[in-house]
Amino acid sequence: MQKHYHKLISYLCDFLEKETQKRGFKKVVYGLSGGLDSAVVGVLSQKVFKENAHALLMPSLVSMPESKSDALDLCETFSIPYTEYSIAPYDAIFCSYFKDASLTRKGNFCSRLRMAFLYDYSLKSNSLVIGTSNKSERMLGYGTLFGDLACAINPIGELFKTEVYELAQHLNIPKKILDKPPSADLFVGQSDEKDLGYPYSVIDPLLKDIEALFRTKPIHLETLTQLGYDETLVKNTISRIQKNAFKLELPTIAKRFDPK
């Protein structure tokens, strides 16, 4: 297992280096939240680009204090250059304009605001934006379109959350980041498990079987329940995948009109 992850780390570092060079960049930038996924991307990026890998810390009005402190500790431990841009003032303006906005609207606004800061920094510093969404999130559509899902390249987009966790252990990510419950930190009390209804340890095996069995054909509930999965889990997961599939697609462009 140790050898497998040594090869995976080498593969992902090679991916980052080649794909960044292919696009004509020498520097990268990414959002560092204090969570597991961005910590893994941050350490991988630092391995490849050293001081040319820059992290942006972008706390909102409702970001947990430990999110920022964990991100800062990671930067210190791995010598990661960073800049902090508080999005709290913009968050406050949105909330003052839209007093009845749901938690989802507020969270999506903050997610897209962070991506705006990342792409502004990208332009200013000629850096490529690196994504931090894992495969579990991508399959379930558990992310904000043109927010945290937006990026130029993503080294962990084909790793399920449980695989990212194992990779993080081999990268020596601090224990307090490893141990904290996964959360997008978009509103007080949020956690991935509360939003999704199940922990990733339960969801990921199902997602792996769905990908293996139904990559090119419709998903069948009966096939999955026969494998021993709980019917409610399967129904909820299939619903999320189908409902949010559009988030992984490029915009559909109308074909050129021919008046003849």
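Cβ atoms here come from the backbone N, Cα and C positions, even for glycine.
Per Swiss-Prot, the features are as follows:
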{"type": "BINDING", "residues": "Gly31, Leu32, Ser33, Gly34, Gly35, Leu36, Asp37, Ser38, Thr132, Lys161, Ser183", "note": "ATP binding site"}
{"type": "BINDING", "residues": "Asp37, Glu137", "note": "Mg(2+) binding site"}
{"type": "BINDING", "residues": "Arg112", "note": "deamido-NAD(+) binding site"}
Cα-Cα distance linking Glu137 (Mg(2+) binding site) and Asp37 (ATP binding site), given in Å to the nearest integer: 11
The one of Ser33, Thr132, Ser183 whose CB sees the fewest other CB atoms within 10 Å, among these binding-site residues: Ser183
Among Asp37, Glu137, the one of these binding-site residues whose Cβ has the fewest neighbouring Cβ atoms within 10 Å: Asp37
Cβ neighbours of Gly31 (ATP binding site) where a neighbour is any other Cβ within 10 Å: 26
Assigned element (helix, strand, coil) containing Ser33 (ATP binding site), judged by DSSP: coil
Inter-residue C-alpha distance, Glu137 (Mg(2+) binding site) and Ser33 (ATP binding site) (nearest angstrom): 16
Among Gly31, Leu32, Ser33, Gly34, Gly35, Leu36, Asp37, Ser38, Thr132, Lys161, Ser183, the record's ATP binders - longest CA distance, Å: 18
Tertiary neighbours of Arg112 (deamido-NAD(+) binding site) (same chain, Cβ under 8 Å, six or more apart): Thr144, Phe146, Gly147
